[in-house]
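Listed in TrEMBL:
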TRANSMEM  21-48  transmembrane segment
TRANSMEM  68-87  transmembrane segment
TRANSMEM  107-126  transmembrane segment
TRANSMEM  138-157  transmembrane segment
DOMAIN    143-238  domain 'CAAX prenyl protease 2/Lysostaphin resistance protein A-like'
TRANSMEM  178-196  transmembrane segment
TRANSMEM  202-221  transmembrane segment
TRANSMEM  228-248  transmembrane segment
TRANSMEM  268-290  transmembrane segment
């Protein structure tokens with residue numbers, strides 16, 4: 001498999017791509033991210049009552065109300081800022097180098113057909129007897145512009161780290177996909193391991209996330225920028241947050257929710273398999289649109 005534009009994408013990282021430097025960068029990003037989030041929460045705790053603060057934490061933990069979902073997405077701001085700071089401090093380069101050339105163009109070219117694909121699937125999802133109405137349309141429309149902005153923040157922060165920073169740093173050292181594609185995607189999957197919600201089935205959503213990471217990395221390497229991966233990530237998350245969400249998980253603005261026992265493998269498997277198939281088709285659509 002040829003990735004002609006990968007060299008162009010990783011070029012800004014070559015000057016300071018030592019493994020020790022990249023490892024230190026990951027640790028610094030994580031520390032600054034968690035530290036920044038903790039500081040923001042402590043500031044909130046100073047201006048509200050203890051009971052109100054506990055209520056805010058509960059809303060953020062599930063994202064099952066409009067306010068909770070937006071607050072949860074806002075916690076990715078420290079991640080984007082931490083990545084930008086570490087890039088400047090440790091690698092002496094600008095955060096814009098993470099995005100590559102022509103990323104805005106590719107983002108817009110991929111965004112529209114992927115949205116159309118998800119809208120085409122939407123009526124089929126409603127045939128599922130486990131799918132029911134959730135958030136009123138008027139509420140979704142009122143919050144929709146705010147959601148778009150904060151969702152873009154979330155996917156941008158994650159793409160900056162996994163398909164930007166890690167892919168560039170590792171790709172500058174090795175051309176082998178197991179290094180620049182698989183390693184960051186395994187980490188991405190590990191961070192989506194959620195036994196609190198999925199119990200013994202938690203490994204399967206983590207594998208799903210790892211496969212997503214590989215597909216997003218593939219698009220990035222094929223195009224030489226983050227545009228397609230950003231659109232891919234954005235539309236998948238938007239569909240799950242607005243059209244049909246998983247009950248009790250980031251469903252604060254979902255028009256419909258899927259109600260299943262996430263600890264029952266027989267119920268989780270069809271849901272994940274359908275999601276995986278949709279994701280693979282979305283990846284193919286992005287490639288067809290961009291001819292890569």
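Note that Cβ sites are derived from N, Cα and C of the backbone, with glycine treated the same way.
Among 21-48, 107-126, 228-248, 268-290, 268-290 has the largest number of CB pairs under 8 A with the transmembrane segment (202-221). Here the listed stretches are 21-48, 138-157, 178-196, 228-248, 268-290, and the one with the most C-beta pairs under 8 angstroms to the transmembrane segment (107-126) is 228-248. Cβ atoms under 8 Å from those of the transmembrane segment (21-48) belong to residues 56-57, 75, 78-79, 81-83, 85-87, 89-91, 161, 165-166, 169-170 of the same chain, restricted to positions at least 6 beyond its ends. When pLDDT is averaged over the domain 'CAAX prenyl protease 2/Lysostaphin resistance protein A-like' (143-238), the result is 98. Shown for the domain 'CAAX prenyl protease 2/Lysostaphin resistance protein A-like' (143-238): DSSP residue counts in helix, strand and coil, namely 83 helix, 1 strand, 12 coil.
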